[in-house]
Amino acid sequence: MSNHTHHLKFKTLKRAWKASKYFIVGLSCLYKFNLKSLVQTALTTLAMITLTSLVITAIIYISVGNAKAKPTSKPTIQQTQQPQNHTSPFFTEHNYKSTHTSIQGTTLPQLPNTDTTRETTYSHSINETQDRKTKSQSTLPATRKPPINPSGSNPPENHQDHNNSQTLPHVPCSTCEGNPACSSLCQIGPERASSRAPTITLKKTPKPKTTKKPTKTTIHRKTSPEAKPQPKNNTAAPQQGILSSPEHHTNQPTTQIQQHTSI
């Protein structure tokens, strides 16, 4: 509809332009015949018609340009919005079926049942242990003597080997006929077995702790031979005798020193 209307408008513009041409030719003929008043009126009307026609044509061209620009912008918007609203057209039902069949064709083979594998391995291990017990009981060496250890103590390095030699007795390889368990036992010969007896550790009784009693320290002081014990001051003795005697005068400071030390 829009194209049809634009086509009609374009035809009307052509007709108006042709009519204006004819009108201009007529005005020029009148001007030659010296009809100035008629020419002036005709020119004014022609100017009004041309102005209106130019305005109409400008409006039509602007509308046509907008109409042509809109279809070009719409596909770009649809292309940008199409992946957001719809799924990709490449992933159809046919593609889905083909990929599903290819996945089924490339699946791994089914694994064996775990219960059956466990039963077979368990029965095989039981048979091996029974064969090992019967052969070890029937083929034990009779002349084997227990090892003697004169020292009575083993280092910690060989203690683990001694325990292993006790749990795995020696079996001669001549009795093994296609049995892998027996062949692994016969490789452990009597040379590898340790020749030391098991260690016997004696617990040491703890000694009773003796607590020492604190001893009294006596301090002996040396006394001069001249110093003698003085009797108590007698009230009856006169003081002149004390002052007059030179021995008492010399021994008095020594006795005072002893009294200070004893205090």
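Each residue, glycine too, has its Cβ placed from N, Cα and C.
Per Swiss-Prot, the features are as follows:
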TOPO_DOM  67-263  topological domain 'Extracellular'
CARBOHYD  THR72  O-linked glycosylation site
CARBOHYD  THR80  O-linked glycosylation site
CARBOHYD  ASN85  N-linked glycosylation site
CARBOHYD  THR87  O-linked glycosylation site
CARBOHYD  THR92  O-linked glycosylation site
CARBOHYD  ASN127  N-linked glycosylation site
CARBOHYD  THR139  O-linked glycosylation site
CARBOHYD  ASN163  N-linked glycosylation site
DISULFID  CYS173-CYS186  disulfide bond
DISULFID  CYS176-CYS182  disulfide bond
REGION    187-198  region 'Binding to host heparan sulfate'
CARBOHYD  THR199  O-linked glycosylation site
CARBOHYD  THR215  O-linked glycosylation site
CARBOHYD  ASN233  N-linked glycosylation site
Next on the checklist: With the cut-off set at 10 Å between Cβ atoms, which of these disulfide-bonded residues ends up with the most neighbours? Options: CYS173, CYS182, CYS186.
Outcome noted: CYS182
Checklist entry - Counting every protein chain present, what is the number of Cβ atoms, excluding its own, within 10 Å of the Cβ of CYS176 (disulfide bond)? => result 18
Checklist outcome for this item: Over the topological domain 'Extracellular' (67-263) the mean pLDDT stands at 56
Checklist entry - Expressed to the nearest Å, what is the distance separating CYS182 (disulfide bond) and CYS173 (disulfide bond) at their Cα atoms? => result 8
